[in-house]
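Structure first, commentary second.
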């Protein structure tokens, strides 16, 4: 037998670099990034992630140059205009200077406070960009630059630190040999293509609510439950879509409280943390029931109907055959969608109440957010960010499925991104993700996680089905970009994209729910928590 070539050594610390037994060359592309530690790796990847975000900001945004209402960019700018020029009590109230039909505030108070802070920043450097009434449709170069900087700074100061908190807690027991997987995981989180395209291309501030959610998740993993309640309450107070994660937080924390000597006291303590946080941030609106209900009514625009556009969820996809809006009233559809969402979330919640664990909690976040995306009322294309964030945190536990989910999550937003003229960033970030995902030095560890779990690969025809799905999606990409749809069916390609993505999301949801339940049998004995005295 030929002798194995010795490992190469680097520097004074005698750091071993993995080498190929055939060629003697390095097979771990991450060693140069990881040998200085997790924090250094995180900082390096963060700089690259900020560079990518900055490059995306050079492309158009939602509604660029399209009057009279423009798009999400104008909505965010308008909220800065309103919050910096009107009293706080008038931010959600229709009036002479605040026409709610023109991008009225429809997010919770923390979004309004964020708009106020960013509006002060804009007013300092470019007052005309937030001037009351006269600034509508403002699109000066300086104004756009400052707006883009507010998103970049929100990412850098909220989402990135939260991601670092999560990485340090989640990987705290990793051995030196697992640092490459840590670096790879950091790259998956910070180079999330869906979040980058929506926040820095389309233009939104999802990085704030998602950052607060990631911080709350990290707090769960380090057993700081009061901090969990505070951070998740802040996330809910920033964007109501954070409620997609609420069943997972509720069931996991309840499951842990019930296993303690004084479960009622534990629940009361967490309840107080939630109530105090909400009261502080909703303070201007809790003095009057009318004011409070006024804000709540802005957060739930039921008049828009159960779906808009072509979203890859149950209601929109099945509406091709079942005309839900014609068969049921809006009130009935609210009840039906609520029941469907609860039923879809219930298995995951029950599992965490009966057998709470950190890994089960992460799967619970994925399953509850996917249930909301598939079955809740008034879902947008951008709402896929919620389940996709959860999947990103579990990337090392979802061998092939994570790459497939990324592809279909991006594809589900393809028509939206094309309308925003973000095709080049879409293709570039898709390619970048593929390169990083398949980089050497991570799959040897990732593949091990799929051995003992249920996998679609065990089903005859699954691989063929997946390849057929992919082939159809490639064809749809080409058709959407090159061929005009029939005049009788102007949204034919959007409908086909929706059906294809929905079919994958349903399969993925079945897989992750089953996997969460298998955690009880596979890891119950080792992860079981004893009652705290």
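The backbone N, Cα and C atoms fix where each Cβ goes, glycine too.
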Matching range for TrEMBL feature annotation, transmembrane segment, among 386-406, 491-511: 491-511
The annotated transmembrane segment range in TrEMBL, which must be one of 422-439, 440-457, 512-529: 422-439
75-101, 102-128, 210-236 - the one TrEMBL records as transmembrane segment: 210-236
TrEMBL annotation of transmembrane segment - which of the ranges 22-41, 42-61, 242-261 it falls on: 42-61
Close approaches to the transmembrane segment (491-511) from elsewhere in its chain (Cβ under 8 angstroms; 6 or more beyond its ends): 309-314, 316-317, 320, 344, 367, 370-371, 373-374, 401, 404-405, 408-409, 411-412, 414-415, 454-456, 469, 472-473, 476, 479-480, 485
Winner by Cβ pairs under 8 Å against the transmembrane segment (210-236), considering only 149-170, 182-198, 360-379, 459-479: 149-170
Chain residues outside the transmembrane segment (360-379) and at least six past its termini with a C-beta under 8 angstroms from it: 217, 220, 243-249, 251-252, 301-302, 304-308, 311, 313-316, 333-334, 337-338, 340-341, 344-345, 347-349, 351-352, 386-387, 389-391, 393-394, 397, 502, 505-506, 508-509, 512-513, 515-516, 519-520, 527
Same-chain residues near the transmembrane segment (459-479), Cβ under 8 Å, at least 6 residues beyond its ends: 404, 407-408, 411, 414, 493, 496-497, 500, 503-504
